Every structure is written in structure tokens, then in C-alpha cells.
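In what follows, a structure is listed as C-alpha cells, so that the remarks can point back to it.
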Amino acid sequence: MAVFKGITPEQIDAICVGQYAGVDEVGRGPLIGNVVTAAVILDPHNPIVGLNDSKKLSEKKRELLFNQIQEKALSVSVGAATPAEIDEINILHATMMAMQRAVAGLSIKPTSVLVDGNRCPDFGMQSHAIIKGDGLIDAISAASIVAKVVRDREMEALAAQYPEYGFEKHKGYPTKAHFEALAKYGILAEHRKSFRPVREAM
């Protein structure tokens, strides 16, 4: 595994060969719900305009691109690790496991895997970690968008079930509103009990 920081266009060209998969995660920081990952193999002959780091896109733009990715990509797969798994093996290991699940779920076996960040799990094939890759490589950008939309939808479903917690607004992140809801209503089965603010509310 190679880790790239400040990657050059030439380095990108050198590693972006064949049917490579981009991988990213969403949801390491929240106090509740799954950590969600996605793996995407784009079609170089059917490009998608406007891909970028999901955090830099509006919700409307993410939804639009999400639909285009589903239509145009060669393969898209979503992985996740549950709160119970996060509590058992910790958030870092759970994230790596969810990434492995996303790649394993692809309908096409990729030639290599490019992961946003500074580390990769063992995919059983060539892989590269690319710092800030979600803003540099379209396949990683696409994965970040898919993971973000999927996790946000999970939080909206949870918000419909437990409206008093405001999950549709803070998406489970440790905000003042979330802390206040924990203090007032207590924890839910979906909360990550290994995270300190949740433990303290138990």
C-alpha cells in the first residue's frame, strides 16, 4: 500500500489505470448509526460532470449526482458496520471492515482500490491511500457522495422514528442539540455505546 499526500496529476494518471475502484466512508464521528462506506468503479466512456468531495456539495447536488452515479457507473457497492460492531472492535477497525465489505460487493473485481485518507484495509489486491482523495479523484468523489446520501437517508429514517432527537438536522453528530436530546430522552439502541458522550448518558 502506498500513501499519497499532495499527489500530482502525473501520479494520479499513473495509479488510475484499468477498472479501479474509489472508496470512501461517511459517519465515523456521529454518536449513532452505522458507519457507511461505498466503492465505485466509474465508466471512463460515460463521464459524470460535477463530482467533488461530498462535503463541498449541496444536498440537492448530492442527490442529483447520486442518481447519475447509479445510472452511469460500471459498479457501485455500499458497505456498513453497525453500532454493535463499532462498539466491539472500535470505529477505526469497523470503518476498515465496512470498506472491505463495499469492495467485496462490487459486481466487477477492480484492478486496484483507491481509498480516501491515510490508510487502507487489506483488500487482497493493490491499493493506495490518497489524502484528500475525495477532492482529487472522481471515483473517490463518487464513493463519498454515495456513502453520504445513503447515511443521510438512514438518519432521516431514524428521525421519522424518533422525531424528538432531531437526527434530520445533525445527522447524529455530537452537536449541542444532540447532547440535549440525550440528556432529556436517554440513549437509543442505535447509539454507539463505546463513544464517551453516549456512555455518560447511560
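Residue positions begin at 1 at the first shown residue.
Using the three backbone atoms N, Cα and C, a Cβ is placed for every residue, glycine included.
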Open item on the list: For the divalent metal cation site that Swiss-Prot describes with Asp24, Glu25, which of these is also annotated: Asp43, Asp53, Asp87, Asp116?
Closed with: Asp116
Open item on the list: Quiz question: given the binding-site residues Asp24, Glu25, Asp116, which has the greatest number of C-beta atoms lying within 10 angstroms of its own C-beta?
Closed with: Asp24
Task: Extra residues within 8 Å (Cβ to Cβ centroid of Asp24, Glu25, Asp116), divalent metal cation - done: Val23, Val26, Thr37, Ala38, Met99, Val115, Gly117, Gly133, Asp134, Ile140, Ala143, Ser144, Ala147
